[in-house]
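Enquirer: The structure that follows is given in the form of structure tokens.
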Amino acid sequence: VIRAKVVGKKLMKDGPFGTMRYTVKQMKMYRGFQIMPHVQYIYTEASESLCGVKLEVNKYQYLITGRVYEGKVYTGLCNWYEKWDRLTLSQRKGLNHRYHLGCGCKIRPCYYLPCFATSKNECIWTDMLSNFGHSGYQAKHYACIQRVEGYCSWYRGWAPPDKTIINATDP
């Protein structure tokens, strides 16, 4: 998970359809530094129809998530990427202070009601009921964090989360 500005791009001829290699200037790394302490390139499929993402060169800073495979960072439409200035204050605070508290949690999407958690370490993501993807209210303003005895629940707030609360009413 990095914040970066795209400073170049090159179509690589590897694979049957090609891969786009974006050269990035890494501003900050939020997660993954144990695997790769500095990211210089981000790889994605060359075609959006193959889940490749289009990033603009020398225009915006982006939040980019992905995976490391054989020493390279890959991203795609199934990963979270967003222009940095489009992130909400809650999302920015989440990156710096909250999201790491949910590493032991699993987010389970809810596509239709009723939805139930099947284990104590799940947060039910309801944005899929009204919006598709990362653009819903829950994703913009809440963080799934682990609380007492391994229970996970959604949290929204500016103060550090109260570790004594097992469950929350929001959202």
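Here the Cβ of each residue, glycine as well, is placed from N, Cα and C on the backbone.
TrEMBL entries are annotated by machine, without manual review.
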Enquirer: Between Cys78, Cys103, Cys105, which residue forms the disulfide that TrEMBL gives for Cys152?
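Expert: When TrEMBL is consulted, Cys152 turns out to be bridged to Cys105.
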Enquirer: Considering only the disulfide-bonded residues Cys110, Cys115, Cys123, which fall within 10 Å of Cys152 (disulfide bond) when distances are taken between Cα atoms?
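Expert: The disulfide-bonded residues close to Cys152 (disulfide bond) (Cα within 10 Å), listed in sequence order, are Cys123.
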Enquirer: Cys123 (disulfide bond): which of the disulfide-bonded residues Cys105, Cys110, Cys115 is the nearest Cα neighbour?
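Expert: Nearest candidate: Cys105.
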Enquirer: Can you tell me how the residues of the domain 'NTR' (1-103) break down into helix, strand and coil by DSSP?
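Expert: So the domain 'NTR' (1-103) is made up of 20 helix, 40 strand, 43 coil.
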